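Presented below is the structure to which this report refers.
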């Protein structure tokens, strides 16, 4: 929503003109709206979450064979009813059927796990695992071209639903009469074959066959950090997979402008490539790689190939469309996504089986719940981020806060902490101050909008190289720091020797400390104001106040210049003057109050003044001082987080980053809903709401937050209190 960013991207509009005409024609054919598409795409995810919770109990009650058969039948009936429901009952009946279809998804992973675990000889686990998962490729490979044919034929789109539901019922009947839960129950398995299947399996493997086994140890599973790493990995992998499965054909047709028939063929091609790769890689893993690498090494190898491959493919899809509109350059990156996600069955999927052993199916049902949250929210995010289906995307979040904390805590003398803290945070002002006017110049020059990207990337690389060769994690490691300088830096600080580097942070004590939650609340509300000035500020100037692009660049940069001046003055004043009058705790609350109440006043001014006067000279002062107040917060909340957490400040800062990262994720969507027409009155409601929220949060913080170091931050091995740190705290008062 930044108009300068809009100007940089606007050059792509001409490439989409013919596509826009097609969209208007298609809209006349009763296409679903963006919200309806999101609901239809998210329906199966909601069903999958429900299915994830119920599949494990159903298997325990009715056996794998009966449970899978049941899910297949309801999937076929829901598919069969889909065309008729749309004509008779309307849109919401389609949403209901999509939820019903989604409940069947968890059965896929559980079935794969059971087949590869119970039916595969130990020397062919990977091959069975890969073959059992090929339905992820075979299904779309057959369905997508067929769907493209039906959509453009006289049979109509309904034909694909009738065909697939009939085929599902046929294969479900075959499955029910042939499949058994384990080899020993199957009448077609001979004794010799049974011995081959069970050869080399441990007693734990045989215990899985015991129907009277104890319930899973829920608490131990949920408190195992490797489980949470696994959940995170599955969640991230599912983002790429769901984009490809659900949004891939939509991206090909709506964004790249490929015809329906062409979309069906191109969307199916990656599944064919993935299928071929799977058929080859399974035997290669079992017969060749197993002789070179251990099971653990192969799991990490395939996890690395799968996930880093997805990263490369997504990066290609992000940047290649900016450089060329040729499909021959774009489609290879699109095609390889499915190839890499398919390899993950030998990576994190196999890992889940390895660590969970007899509880693997139970763990997979949980994984299904986690993964199902992706398609539940992904379409909505895409609908908000790309309502017009143009080729735009966001960037990743940096790690500035942790770096600022380390520099100010380890490198600053105790008498100059505020100055270091302020100087280390000036990049928030210097970056936009240089970038915004430069971006305007490039947009309106012969160099074109591309120039700003090339310039900034080159400068970033240069400064990154300089940083790498000069920076060290602490002063004692730096060859340029003399003994005298080292003593000056470390004077009054705790001896690092007293701190056990292998000591784990007291997570429970931190998370049950209500001061931490007050800090999270304060940072979250402060970030709302900061994100407004950083992301939505230029948009407000350009679209609401109707300032042209060049003036928007200037006025957007002005607050950053004022903030730099304030920061450069505020740091030394805090260290040299205020430190002689107030103790550390008082200074923190003073700067927190100045920062947050200043934001309230600025937001209130932006809410009221435009209703009274259209003069920019009356409005812009309130806009300009916002960045000054948000910048001063480094001597408020940020310094508070360091003071109370001590040696765990970087951990706490990383958590704060997670909390404040929620703001830019939801703020543009909220603004889009609250101010769809970008009128002064609509934005008045936004500013008033932000002002009230910030006022309440800072008032609560000042009244109830305790600024002294927390007990858990002063402990060594949870028992010994650092007496020296207490002395330093008393000396600083």
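Cβ coordinates are placed from backbone N, Cα and C, and glycine is handled just like the others.
If you look up TrEMBL, you'll see 1-475 marked as domain 'Major facilitator superfamily (MFS) profile'.
What TrEMBL records for 91-112 (among others) is transmembrane segment.
Annotation comment: TrEMBL describes 119-139 (among others) as transmembrane segment.
Residues annotated as transmembrane segment in TrEMBL: 159-179 (among others). Residues of the same chain lying 6 or more positions beyond the ends of the transmembrane segment (159-179) and with a Cβ under 8 Å from any Cβ of it are 65, 68-69, 72-73, 75-77, 79-80, 82-83, 143, 146-147, 150-151, 153.
The transmembrane segment annotation in TrEMBL covers 218-235 (among others).
Residues or ranges marked as transmembrane segment by TrEMBL: 255-281 (among others).
Sequence-distant contacts of the transmembrane segment (301-323), counting only residues of its own chain at least 6 positions beyond either end whose CB sits under 8 Å from a CB of the stretch, comprise 12, 233, 236-237, 240, 285, 289, 293, 329-330, 332-334, 336-337, 339-341, 343-344, 346-348, 350-351, 391, 393. Residues or ranges marked as transmembrane segment by TrEMBL: 301-323 (among others).
As annotated by TrEMBL, transmembrane segment applies to 329-351 (among others).
Below 8 angstroms of C-beta separation, residues 432, 540, 559, 592, 595-596, 599, 602-603, 623, 626-627, 629-630, 633, 637, 640-641, 644, 652, 655-656, 659-660, 662-664, 667, 690, 693-694, 696-698, 700-701, 704-706, 710 of the same chain, each at least six residues beyond the ends of the transmembrane segment (514-534), sit close to that stretch. Sequence annotations record features per position, and here TrEMBL assigns transmembrane segment to 514-534 (among others).
The feature transmembrane segment is assigned by TrEMBL to 540-569 (among others).
Counting residues 6+ beyond its ends, the transmembrane segment (590-612) has Cβ neighbours under 8 Å at 522, 525-526, 529, 545, 574, 578, 582, 618-619, 621-623, 625-626, 628-630, 632-633, 635-637, 639-640, 680-681, 683-685, 687-688, 690-691, 694-695, 697-698, 701-702 in the same chain. Here TrEMBL flags 590-612 (among others) as transmembrane segment.
The transmembrane segment annotation in TrEMBL covers 618-640 (among others).
Annotation source TrEMBL lists transmembrane segment at 652-671 (among others).
If you take every residue in the domain 'Major facilitator superfamily (MFS) profile' (1-475) and average the pLDDT, you get 72.
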